[in-house]
């Protein structure tokens with residue numbers, strides 16, 4: 001018998017990608033002993049596709065993870081080499097940060113953070129079997145036959161479940177390029193009753209810096225404004241040493257792709273790929289086939305880090321044979337002499353139907369077994385990390401005997417993501433978009449900590465000083481808004497000349513600074529000339545401007561949320577006998593039995609359930625309460 005401390009843990013995390021890291025750190029920081037098993041401990045938090053974190057919706061998720069006490073934002077700040085705020089010219093609801101990271105440094109930093117946490121053991125091992133006893137998880141067994149016992153298990157296997165790589169008609173098993181797949185764990189999950197599907201994704205080739213002609217490409221430098229993902233970090237301006245570059249495909253590129261389509265594992269005469277690929281991150285052959293009228297597509301040439309000369313060709317993801325790849329790449333302006341260091345490839349992998357999970361990400365089939373990340377049918381590092389921290393927090397809360405953390409759609413993009421997964425399921429790799437969030441004006445990049453720090457503090461992942469800093473910010477925002485309402489500006493030649501010069505109409509009667517700030521042409525800084533006591537706090541000013549200018553829209557959304565909350569708070573007993581509910585359609589009855597929504601609100605979002613089904617369900621539940 002092995003020593004107990006080598007065999008028995010509180011929480012076992014399977015996989016050390018972006019989901020596994022956040023799950024492990026959350027559970028460990030909440031006081032539990034955590035074992036992290038991974039195929040390769042040297043590729044912790046690896047970025048196998050684009051060397052970037054953030055983007056529309058995704059960047060907000062990174063801020064939400066930070067507000068809950070996670071690590072992705074801090075490590076991005078530590079290792080980023082180029083960062084920009086996207087959609088600056090648009091409204092605050094769609095603004096988000098995106099950073100190029102030094103992917104090698106990011107991975108090493110995350111590995112160090114796992115290894116230096118006294119509650120975490122990071123160990124090599126490919127998990128092959130989930131151990132259960134009386135419907136509850138008991139532990140895992142790895143490829144060496146070594147068993148580990150745990151009170152909770154979190155599966156974060158990414159693309160490793162029966163992973164298979166495709167380059168043209170060449171195919172071989174792999175979790176990602178150069179790493180073994182997990183070939184047997186899927187069988188164990190199927191034996192436990194899980195429904196499993198197959199998805200595919202892909203990554204472009206990497207090319208050597210010295211072979212790129214940057215002089216004919218459009219340069220994209222890091223921001224001149226100080227920026228940071230984490231609220232803990234001081235925003236800073238990065239040196240302009242690692243720009244990204246923009247070029248485009250052309251008719252010759254598309255001609256080469258069409259010429260080799262018959263050798264594509266997706267489009268070719270021999271169809272090798274069964275899995276469905278990501279709609280919002282299509283391969284270049286997908287784009288050429290589906291958008292025949294487009295003469296060119298963007299290609300972003302992105303640095304992979306400080307200590308590597310490899311560049312990532314964002315926009316040229318493909319599974320065509322290498323002969324096609326080199327010709328296609330060299331047809332692109334600036335890449336005529338490109339030296340390929342790694343070929344592009346597609347990878348097919350297993351995922352579980354996420355409708356088999358509760359909103360806590362615990363499975364409905366096996367108690368204390370959680371799933372997070374790409375194994376749930378999502379795509380993207382940020383989506384994975386967001387699920388990871390929720391799974392880690394909820395596993396720890398359950399072991400503590402405390403209520404779970406379930407973020408609402410009106411509270412966080414992470415809430416939207418998980419609700420979509422467990423309610424609607426997936427028929428393609430799921431990517432978060434701003435359009436998926438009906439309350440996106442409330443779920444902004446700038447207010448993530450105001451929304452969520454209370455939960456991070458409640459579960460013990462946010463220190464008291466930080467939470468007090470957030471509360472102080474909230475208080476100062478409210479105080480400044482109230483002050484602006486009290487400062488009255490009277491019409492005068494000086495005032496009206498200033499307003500006219502700023503492109504807005506002159507005053508005919510006295511108004512408050514609050515009312516003036518509502519005008520789209522006027523910023524807080526522009527009103528300083530009319531304000532006896534303006535504040536000089538950029539964080540407060542940003543929040544004040546947004547809250548004042550968008551007050552009508554924000555208020556309308558809060559009213560919608562109030563209606564939403566009414567149905568969200570109308571709980572449905574988990575053991576409800578849906579066969580006893582009269583007048584339900586057959587489709588509604590089947591779906592309600594399968595998903596077992598926790599509330600009327602969640603039931604309303606299940607595809608195929610119509611308003612009359614909901615009415616009949618409410619009538620039945622109301623009668624049961626009487």
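Every residue, even glycine, has its Cβ placed from backbone N, Cα and C.
As the structure is a computational prediction, the values presented were derived from the model and not from experiment.
In the three-state DSSP scheme, residue 20 (FAD binding site) is classed as helix. The FAD binding site annotation in Swiss-Prot covers 15, 16, 17, 18, 19, 20.
According to Swiss-Prot, the feature NAD(+) binding site maps to 277-291. In three-state terms derived from DSSP, residue 285 (NAD(+) binding site) belongs to a helical segment. Here residue 285 (NAD(+) binding site) comes close to 257, 261, 264, 266, 267, 318, 319, 320: these same-chain residues lie at least six apart in sequence, with C-beta atoms under 8 angstroms from its C-beta.
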Requested in this report: Sort residue 15 (FAD binding site) into helix, strand or coil using the DSSP assignment.
Outcome: coil
Requested in this report: State the count of C-beta atoms found within 10 angstroms of the C-beta of residue 17 (FAD binding site), not counting that atom itself.
Outcome: 30
Query raised in the report: Quick one: which residues besides 15, 16, 17, 18, 19, 20 have a Cβ within 8 Å of the FAD site's Cβ centroid, in sequence order?
Result: 13, 21, 22, 23, 38, 44, 45, 156, 158, 372, 373, 384, 388
Report summary line: Per DSSP (helix/strand/coil reduction), residue 279 (NAD(+) binding site) sits in coil
Report task. Taking the Cβ of residue 18 (FAD binding site) as the reference point, list residues of the same chain whose Cβ is under 8 angstroms away and which are at least six residues distant in sequence. Result -> 45, 72, 373, 381, 382, 384, 385, 388
Requested in this report: Work out how many Å separate residue 17 (FAD binding site) and residue 289 (NAD(+) binding site) at their Cα atoms, rounded off.
Outcome: 33
